[in-house]
Every structure is written in structure tokens, then in C-alpha cells.
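Annotated features, as they stand in Swiss-Prot:
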{"type": "DOMAIN", "residues": "8-124", "note": "domain 'SET'"}
{"type": "ZN_FING", "residues": "167-190", "note": "zinc finger"}
{"type": "ZN_FING", "residues": "199-221", "note": "zinc finger"}
{"type": "ZN_FING", "residues": "231-256", "note": "zinc finger"}
{"type": "ZN_FING", "residues": "264-286", "note": "zinc finger"}
{"type": "ZN_FING", "residues": "317-339", "note": "zinc finger"}
{"type": "ZN_FING", "residues": "345-367", "note": "zinc finger"}
{"type": "ZN_FING", "residues": "373-395", "note": "zinc finger"}
{"type": "ZN_FING", "residues": "401-424", "note": "zinc finger"}
{"type": "ZN_FING", "residues": "430-452", "note": "zinc finger"}
{"type": "ZN_FING", "residues": "458-480", "note": "zinc finger"}
{"type": "ZN_FING", "residues": "542-564", "note": "zinc finger"}
{"type": "ZN_FING", "residues": "571-594", "note": "zinc finger"}
Amino acid sequence: MLGMYVPDRFALKSSRVQDGMGLYTARRVRKGEKFGPFAGEKRMPEDLDENMDYRLMWEVRGSKGEVLYILDATNPRHSNWLRFVHEAPSQERKNLAAIQEGENIFYLAVDDIETDTELLIGYLDSDVEAEEEEQQALTMTKEGKVDHSKGQLAAGSKGHLGCEEDFACPQCESSFPSEEVLTEHLQSLHQKPTGEKEFKCENCGKKFPVRQALQRHFEQHRKACRGEARFVCKADSCGKRLKSKDALRRHQENVHTGDPKRKLICSVCNRKCTSVSSLQEHRKIHEIFDCQECMKKFISANQLKRHMITHSEKRPYNCEICNKSFKRLDQVGAHKVIHSEDKPYQCKLCGKGFAHRNVYKNHKKTHSEERPFQCDACKALFRTPFSLQRHLLIHNSERTFKCHHCDATFKRKDTLNVHVQVVHERHKKYRCELCNKAFVTPSVLRSHKKTHTGEKEKVCPYCGQKFASSGTLRVHIRSHTGERPYQCPYCEKGFSKNDGLKMHIRTHTREKPYQCSECSKAFSQKRGLDEHKRTHTGEKPFQCDVCDLAFSLKKMLIRHKMTHNPNRPMAECHFCHKKFTRNDYLKVHMDNIHGVADS
């Protein structure tokens, strides 16, 4: 998110209402203050799909209420700081409302907002009052008569964007000023009764399968009381009243004709269907399916079923290449691209290839020096809000994700998933036949094999040095550019690799997550634990090819081999003539064996 500007009167912090960053006041904001305009890409409604994040979009409407275009702030490059204002969980918690002026969207403070308060968007109270008036106009008295004392339907009420009736009901002709009011409308009017319950008219006793049908029936009684709808349909005990003879004729032709095709009409919205099966399928859209976990609503059982997977820990779909698991089948398809050799998007700076253009664009940001997002706790800078969010976890001492197989705990769920796959499920099934080392994916194995063959096809654009893998080349290039993108949050030290930063941070936190099961000794790195375990097993896998001596550590073998180099100057004990590769080893030997301290 390059060039993201946040005014001094506001600050970015972790949101209290949803994951990610939220916008907080740095000073008091008075009621009536206006901010904006909201920035985003202009899109047409038909260009949107269900996978997009609609929380970062606003409709811009014309003078007649028609949608001109959508302002989409999903792409950080085309948005501004208002994208960090989240929707209020309830109408009571809102402190901002969106209004439209011309073709611009502004955020209006609807209350005085104190310092260090998160800004939360809602809709104007006048919209709620208009909706309540509309509901009251349809209320029946206990005697079964229409109550005219509660007012008529609200006319000309404006939505939260300052335009009339922004949110249209997909099941009837009603429109509403906000999504929340529309949701209440769907629940109250289009929700089917549970069990044997039916919706009954208090005036005439007629029963209806859905509340909206009853509501339409109420309207007939109301119009009759006003002298409207003088033409009554008497077919099949229908009783529907219409305003004109032509309307009555059309109604009878569409609903009560003997033609089977004429009977394929939805009783809720009067939509015509071509077959019984299509009519049955259409009627499902008038059912509201509630998620009991998060209270989201869906218009089909299949949509609800797909949504429920997000609340489950089950990941039934596996990649057959690397065995990584996913909650949805479409996620597997998107993931498989990383295993493909076809990577048309190649970075000119580091040579790394990408299968997806958006991933390539995000990667190019890593070569930029701009870091507009700052951590309030340690002042560390980051290129993207996601990087900042991930960094904030190191300031949180809680390790909420616990492994069910062992006692290991983690701050991030993705780290836990990797731990389970590698340590407990042994997903490193791709094994090198030359050294027997195993890897999680075939692509990593292919890169590893180049270390055996000597193949080096990645060339440094600065010095011409060749490397076996793009990752090694990227790290090398940083030696030319001086780039150290991984900054320690506790000190000023920077690192060219993320692994180096992780190990360094443990020198500050004293964290030692790798514990020996034999003696409970703990280590900050897994390599340290592996080396320590050999003191219990007696294993010495590193053998000298000159004298057959074996060592538990590779560095000890390297030092030993120096003793076989005739050209290397050696430090020799003048008592026993034993040779040492380093003077400090000789000093220890003289002190321990011959009792001669260094003078």
C-alpha cells in the first residue's frame, strides 16, 4: 500500500470489531465534522463477484436512485485511509454515517467522538425512524382491523448515502435505506414459519405459508378501508382486491386460468416459471437460512452449507502433490498453480517467477524502500497492513494455538499447521535419492537437487555470480543493495532473511521453544536441539574420510580436517607434541593436561 496517508488527527491500531487494522481518533471529533471523500476504483455492478469484499465498497447513485457505479477500495493502491473504518456491530455503537454529495462519498460524525475511539460506520437515525413508520403502517390491532393511527409508509426517506432506498429486496419490490433494515425486512416478511405454524389473517381467518403473503393480504384490507381496490377476485376464494378491471383481468389470467403454464407463478412475488421444477427451485429464494454461529443469512441451503465449512476445523480437500489441506475445493485449484512450471510473471530484479499477476504485483513491493505502516509499540515500519498485523503478534505474549499431538504452542495458526504437517504427519514425502533429505513439495526438492548437480542457472544482475535457486539469488542481491527488509522490533538490527530475524528475536525474548524430551533442556533453534540429542544417543554422523574419526557436529569435523592439511600452520604442544588448529585449544590443553597456565 504505497503512499498511504493518514491525517495526524487519526491513528491506525488493531480493530476491536474485526480482524485487521482500525482507524482511531487522535483527538476529539465534534458532531457534524465531515471526512473524505472515500477513494476507490470505479466498477460497474456486473463486474463484481461473490468472492469480493463488499465491506470495502460503496454504491454511487444518480438523481433518480439508479446505481451509477461502485466505488471499490479493495485495492490499497486506489484507496485512502477511510478504508480502515469498519462497520459498527450495532446501530448503538456507530459514530459515523456515510453521505453522498454529488458523486462523492463522505463520512459524517453523528456524535461527539472522544480521543482514542475507533471510528465505526452506521446509518442515520432518520433512516431507522422511517423504517419503523413503514412497519407501524402495516400493524394490525387486536380486534383484527387495520390501525391507521400509527402513520403511513415513510415517503422519501433517504439511505445512508443520501439517496432514496439504496437496498432493494430480492424477493419483492420493496427497497430500504440500509442493509441492516433490509435484513430485518427479510427476516420478518420472507421467513417461513417453523413446524406447523402458519401466518393467519386476523380479519378474515385466511392462512398463508409465508409472512410476506400475509402482509400483501393486509394491504388488500387496508386499501378496501380507504375505498381503493374496488375490484375483488372471487376465483378459488382468492379475495384479492385490485384497483382496475384490467388489473383484475390480468390477475385472473395469470393466476386462475386453466392453462397449466399460467399456474407456474410464484405465490410470493408473482414471478413466472417455465416448469414445476423451476418454480420449486425459485421458491427456495424466499427462504432465509440462518447461520447459528455468526448469524449471517443465506438464500439457499447450499450457500449455508458452504458457509458452515468456514466455522469447521475440517479440511476435507487435499492437494495430491503436497498433501496440503483446504476447506473448499476451489481453494485447492487456486493452490495447485504454485506447483505448476508455468510462471509467466518474472521479477526483473531478483528473477523469481509467479503464476498469478496479483501475487507478482505484491512481490514487487518487497523491492521498494517505502514502509508507510508503523507499529505503535516499537515503531517498526512495514510495507503492508498485513505485515504490520503479523508483526503485532510478537508483542502478544499469548500463544493461543496449541498442538493436539504435543505440548507445543504457537501465536499463529498457520505456524501450528506447518508444525503438525512436518512434525506429526510427516508430510515431507519428497525425498532426495542422493542424500535422503526430505521436503514438503516437489519444487523445493528440485531446487535442492541442484546443490548436488552444481546446476546454477540464476544469475546476479550486479556481479554475474550464479546461483541454484531464486531464493538464494534474492538473498545475495541484498548484499549489493544493502536491503535488510526484516527489522528487529526490539533494536535497530536488520536482517536480509526472515529466518535470521526470528532467531535474533529470541535473544530478546529468551524464548526457547525446542525442548529435549530426555533432560528438559531447551533451545532457541531446532538445530541446537538436534545437536544436543546426540549427546544422549551417542550418534556421530560426521566421519573423517582420512582417519575414520567420527564427530557429533559438522563444525567439529571441519576443524578436525584442518589437522590433515600439511600446509596449514599448527599450534604444537612442546611437552607432548600434540597439534591444534587454534591457539586457544592449545592453551586449554596446556592448562588441563600439563598444568601450565598461559602467562
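Glycine residues also receive a Cβ, built from the backbone N, Cα and C atoms like all the rest.
Long-range neighbours of the zinc finger (458-480) within the same chain, counting only residues 6 or more positions beyond its ends whose Cβ lies under 8 Å from a Cβ of the stretch, are 349-353, 447, 450-451, 496-497. Only sequence-distant pairs (6 or more apart) were considered; of these, at least three Cβ pairs between the zinc finger (430-452) and the zinc finger (317-339) are under 8 A, so the stretches are in contact. Listed by sequence, the residues of this chain that lie at least six past the ends of the zinc finger (345-367) yet keep a Cβ under 8 A from its Cβ atoms are 2, 337-338, 383-384, 458-459, 461, 470-471, 473-474, 477, 483, 485. Residues 531, 534-535, 570, 579, 581-582 of the same chain, all 6+ positions outside the zinc finger (542-564), place their C-beta atoms under 8 angstroms from a C-beta of that stretch.
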